[in-house]
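Asker: Okay, handing you the structure first.
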Amino acid sequence: MSGLKQELGLAQGIGLLSTSLLGTGVFAVPALAALVAGNNSLWAWPVLIILVFPIAIVFAILGRHYPSAGGVAHFVGMAFGSRLERVTGWLFLSVIPVGLPAALQIAAGFGQAMFGWHSWQLLLAELGTLALVWYIGTRGASSSANLQTVIAGLIVALIVAIWWAGDIKPANIPFPAPGNIELTGLFAALSVMFWCFVGLEAFAHLASEFKNPERDFPRALMIGLLLAGLVYWGCTVVVLHFDAYGEKMAAAASLPKIVVQLFGVGALWIACVIGYLACFASLNIYIQSFARLVWSQAQHNPDHYLARLSSRHIPNNALNAVLGCCVVSTLVIHALEINLDALIIYANGIFIMIYLLCMLAGCKLLQGRYRLLAVVGGLLCVLLLAMVGWKSLYALIMLAGLWLLLPKRKTPENGITT
């Protein structure tokens, strides 16, 4: 067990996972799914949850039996050795320069909607968000969990308020009959919606900080997954009911438009604040997870700067290093005005590759029906890589490159290189 402070309970874990899954997607993905699949997207959410369940269960069982700040990298190391563990860790960290600045831009975009910010003002908002992540992170996982549980409650409250004010009744939900489902539209929606469930790998890094990881980590993961899926489905119903989607409308503008329609322009700030907090929650759990991964990877040298914990058993040095990388990436991307859309797709391929490595580790570490679920999850990950298409080559090249280029490490006990 790691030296990190064990302070997370079940409710806090549910709040952490549900907000990490909702994140930037809750304001945008339901509108995108409605655009590509129409009413078929109402069936796509339960189908997607069923497909993700094998992967989630494998994460839950591995996290219960092998809780570690190393997350997926730790599972892979136990199954295939320390070299692939390091490769997996660096593969996860390689998302920092692309994924986090993109999420920062989305979060700062709500400031643009509220105050008309542009250019340097948005940059200051992004840097301010990182400062807030640092402040919360130095207070420990419990502080992050408490905040994100509140954010999860606000997101749910917003959707419930829209349902109530919009007088949406179950009889009004336009569920297509099973025989009328268009498979082409369903598959198109699934390919868009999968990214809402990227976040399980980040949550795995917090398993060792639960008070009772064997009992509460799997429960938090499964309940958080179902809660996030229910919120996404509820958002999709709202978007379809108010016809708040289209090729000429920004996907992230759908819920704010509905809020203004129901509650007036004065309520726009409510949607923007909740949207910002949802983005912040996703950013926060990823940055805290990256910090714990960096800390765990530095444990081969306990005297290393990054391997040290604060007096409160928090990896502050690793957190500072991760945030430093985020600041540099944000400044470079702002200066060069880089378009991140294509790069995010490449990053998504890396996430699927990490999921696949976790499933392969599960095939080796687990027994019985859980091993079978790991096999099913692995096949689903291969299918998802195929759906990404040729852009998945980026993840494969990164994996091969890290395997070849990472220097071999000598273990002090026997001098064996890994």
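Glycine too: its Cβ is placed from the backbone N, Cα and C atoms.
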Asker: A400, R86 - same side of the membrane according to Swiss-Prot, yes or no?
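Answerer: That fails: Swiss-Prot puts them on different sides.
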Asker: Quick test of the contact rule: Cβ under 8 Å, at least six residues beyond the ends. What residues does that give for the transmembrane segment (90-110)?
Answerer: 23-24, 71-73, 117, 122-123, 125-126, 129-130, 201, 252, 272-273, 275-276, 279-280, 282-283, 286-287, 290, 293-294, 322, 325-326, 329-330, 333, 340, 343-344, 346-347, 350-351, 353-354, 357, 395, 398-399, 402, 406
Asker: Any contact between the transmembrane segment (148-168) and the transmembrane segment (379-399), i.e. 3 or more CB pairs below 8 Å with pairs at least 6 residues apart?
Answerer: no
Asker: With DSSP as the reference, give the number of residues of the topological domain 'Periplasmic' (135-147) in helix, strand and coil.
Answerer: 10 helix, 0 strand, 3 coil
Asker: Looking only at the recorded stretches 42-62, 183-203, 220-240, 318-338, which one has the largest tally of CB-CB distances under 8 Å to the transmembrane segment (114-134)?
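Answerer: The stretch with the most close Cβ contacts to the transmembrane segment (114-134) is 318-338.
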Asker: Sequence gap of 6 or more, Cβ distance under 8 Å, 3 or more pairs: do the transmembrane segment (16-36) and the transmembrane segment (342-362) meet that?
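Answerer: With fewer than 3 qualifying Cβ pairs, these stretches do not touch.
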